[in-house]
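Q: Take a look at what TrEMBL says about it:
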| type | residues | note |
| --- | --- | --- |
| DOMAIN | 7-213 | domain 'HpcH/HpaI aldolase/citrate lyase' |
| BINDING | 66, 116 | substrate binding site |
| BINDING | 116, 142 | Mg(2+) binding site |
């Protein structure tokens, strides 16, 4: 992982080792080497070979790996990932059952399930409490297809926001970090990326998947607290040192939830 902050997660295909290097040199906080969607079915073995070679040659590179979802491919993918300490987590697409999670966890790496099917959505609570989970992630595009939603429509937005709500609540109830938002399909329209990222941040997500380095600045802007917010948080925590219980600051009441909010803001900025 490039940064202790985890706001941006950049996918890069395992079949293109030179792109892995570029991704690691980008501003992305975390790089996800992809064995699934970005790799054609006839190139799966080649992708595993390239990943193996890259991880051997670059032991200092810390990456997540998105594996495949079929049982046969999962085992082959995990056989590669288990060999390397610089694989710091396994992203499991189309996560639907606790058995899937348990199988991936045998690799002794943290598991990042992607909730992107109706079955995964229904099973999300049990998945979140399965041993080995590090963080839930959202796959809105695949889920929209599985639910037969009209892409970009107001109706689809309502349904997908309900799914986001479930991810937030399940993550919190299982004492997991806040979930990671789905990719935005816009590569060149960074304003739309920032809009989507900002909305996800407001809903309680703490990071966002990305498919191109151009998206990274917009994602970081949305998930990094503003200077004004950070100044407020520092002021609250400084004042809290001199008070027991609730107190007033600039005409507003400050109690334990406000103090927790201030700490969270500073943590999001790496302070």
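Residue positions begin at 1 at the first shown residue.
Note that Cβ sites are derived from N, Cα and C of the backbone, with glycine treated the same way.
Map the listed features onto the structure and describe their local environment.
A: On its own chain, residue 66 (substrate binding site) has 11, 32, 33, 34, 35, 36, 37, 91, 92, 93, 114 as residues at least 6 apart in sequence with a Cβ closer than 8 Å to its own Cβ.
The 10 Å shell around the Cβ of residue 142 (Mg(2+) binding site) contains 18 further Cβ atoms across the protein chains shown.
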